[in-house]
């Protein structure tokens, strides 16, 4: 198990390394036929329970945190020796608050994510209201994020059209072409000290979310430099979406004003301890699980001629992030993400059942990785560096210019002789989500 070998690859990951890649020939209809329709509908009282539970935990942790410093003055009622023991206990309690409040807020982000997909309640207005409030509390531009996130679902793993964590190309690093590149060329670009690697990881985990929102860092290459999630006239959005982007921005202004007024009343120290540090933690969790959903040395990206909705959705990895805490606090966001990409209208609490059912259909094309998730983060960060300009099914390459996995070209030719992406993505009318009027891929009805 990963906690016994925290720096060892999971057996599922190792199995993928040993096996040349073949894209799935399973159809979307086969996936949908395997899952009972009742698992795709929200049970509203359960959804409301989770929303109220997370708000209650957030409020409870806030209250407990306000007691940490005052009780330290009493040596915690005399149960702790004065001096360094009390100081140690005080900071240990603050660390515990930051950890658990960060997880609760991560869960609130996930609930807002599900509300954005319309999976918590049957009422569109209730979904939008809950998602908006939860995300504004976390200083997230709800409608802007929702728009690009739905675009990600429409084009997962597409080099041309996906919205998140698009791989850099060889040319981004000004590397010589593959046939001419020498070991020294790669070393000049990618060799670095461990402390610099750690520093870059900390920057990504602490600031990556805001770099994406404000600069579209690692977002789609189809947008010009400076593209961001706050400008209603950004090329990220359709003209019809501009009013909702403005409403999101106004929510952020209101939340920032509230935080400013509270900071003036209670002091910068209180703001930093009660809000800012948990805020950094939730940013870390958002970057960590979203990055690892699709960024992995063994998972492909597709160019236009080899992409289908089915193939893109299958290019997702389930991970046991934080074990029971990931399921409890983060609402299965990493444990059942493959199921989420195939059933974006299914409530998260049905994810475990859906995962079991689709694993039987996907078989070897179901991607799971029991690798310790923090080690997996380091592995992807240091090995998922760039992809080639050529090739229709491509894998990340590492600092030596090597891919961890290759395509089985012989089997791929056999598949392509009979492969029809539209047929692979076809659904019965009763199962068919609304089809995008431009591209024809299945999308969430609420994106229209």
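Including glycine, each Cβ sits where the backbone N, Cα and C put it.
From a predicted model like this one, the values you see are computed outputs, not experimental measurements.
The list of residues near the transmembrane segment (50-71) in space but at least 6 beyond its ends in sequence, with Cβ under 8 angstroms from a Cβ of it, reads 77, 90, 93-94, 97, 100-101, 104-105, 107-108, 111, 120, 130, 134, 273-274, 331, 349. Among the features that TrEMBL reports, transmembrane segment is placed at 50-71 (among others).
Residues or ranges marked as transmembrane segment in TrEMBL: 91-113 (among others).
When averaged over the domain 'Fatty acid desaturase' (93-367), pLDDT in the model lands at 96. For 93-367, the entry in TrEMBL reads domain 'Fatty acid desaturase'.
Marked as transmembrane segment by TrEMBL: 125-145 (among others). Counting same-chain residues at least six beyond the ends of the transmembrane segment (125-145), those with a Cβ under 8 angstroms from any Cβ of the stretch are 51, 105, 108-109, 111-116, 118-119, 213, 229-230, 234, 236-237, 241, 244-245, 247-249, 251-252, 254-256, 279, 282.
Packing against the transmembrane segment (244-262) from elsewhere in the chain are residues 132, 136-137, 139, 141-144, 147, 230-232, 234, 237, 270-271, 275: each is 6 or more residues past its ends and has a CB under 8 Å from a CB in it. Feature annotation from TrEMBL assigns transmembrane segment to 244-262 (among others).
Sequence-distant neighbours of the transmembrane segment (274-294) (same chain, 6+ residues past either end, Cβ-Cβ under 8 Å): 62, 65-66, 97-99, 101-103, 105-106, 108-109, 138-139, 156-157, 164-165, 204-210, 259, 315-317, 319, 321, 330, 333-334, 337, 373, 376-377, 380. What TrEMBL records for 274-294 (among others) is transmembrane segment.
Annotation source TrEMBL lists region 'Disordered' at 422-448.
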